């Protein structure tokens, strides 16, 4: 019997490849293009709908540690991400289109995977399944899972940022450079104090799309706040947040620089640039109007505009193996479990895939050590209470504290996590 994988996002694609590589036949269901979501623009598998950055490459950063652990465990999508990597300072930034194409090709060409383009509304209870529908799930499947799991969905709002054709930006008002280091991965558009305050005022007065659907501040995910929400917290909030000029070597021709708008390459050729940290729910007409009043963007052509979309997840439905508490054949993966972030979604798909393979192969399910970053995340998700309303991305608070001098704790924590995940990889038979 084939293992069903529901959802062709990051988690579902990773789960399908993990199982298929282990010799299990997989049927991967993806509802696009027949049924699209508010955030997706294509029918490709593993489409990146927000940023094109998978997180930090820094060894002492929580994302960087998770990335290391996924490489140790043999993640297919992480390997493909490095194939699609473009400049990104200390982050794993990928060519959005190339990455999705590589994943699509890997999945469709695998002899053990059958891709079915159809919407699934219910799941037979005796079918081994990895449920990875993503946070944009709604309708019949959501209601089916709520009923079977005895849990109610949690809701929050996420946002995407605009992208611009690079050749339409006036370079007389911009410069390339990275914060705190060499390189030129980011295009920086400096704003004077006067321009900055004007810009903030425009954001505060702009008309928003469907504001009545998300009029409570706590409905937004804190790590992906729209710029207009940040601006409401204080006039200088953006200047000390995503628009901070700190660490940039600013050319002399730019005077009185109070803030910067940063853009990052979205593809390898650099023909499209994405605004960094500029998620917004302002109406599309107002976005174009506001940005085009800044000299650098007066002739800008926007290939994508920011928007807000509603996300959902089911807290408290899985154990430490991402296995359903109500059906031992069902496993969950991705943001629908309550994780947040691209890498976290990939991690969920990998972990669920490993455990389904072990279950069907008659092997004992082995828990991850809590000292590892992935183990800490899995433990948090397992212990999440039904009333949890916000998803969780990786951070060092998920792992147990370490003893010793403060100056030594950071490295001790990293060393301990790496020893733990390498031990787990051997136990799970994931050593390559």
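Using the three backbone atoms N, Cα and C, a Cβ is placed for every residue, glycine included.
Per Swiss-Prot, these features apply:
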BINDING   7, 8, 9, 10, 11, 12  FAD binding site
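In the three-state DSSP classification, residue 11 (FAD binding site) falls within a helix. Within the same chain, the residues at least 6 positions away from residue 8 (FAD binding site) whose Cβ sits under 8 Å from its Cβ are 28, 29, 30, 32, 45, 46, 107, 115, listed in sequence order. Each of the binding-site residues 10, 11 was scored by the number of other CB atoms within 10 Å of its CB, and the largest score is that of 11. Annotated FAD site 7, 8, 9, 10, 11, 12; additional same-chain residues within 8 Å of its Cβ mean position, judged by their own Cβ, are 5, 13, 14, 15, 30, 45, 46, 132, 133, 134, 333, 334, 345, 349.
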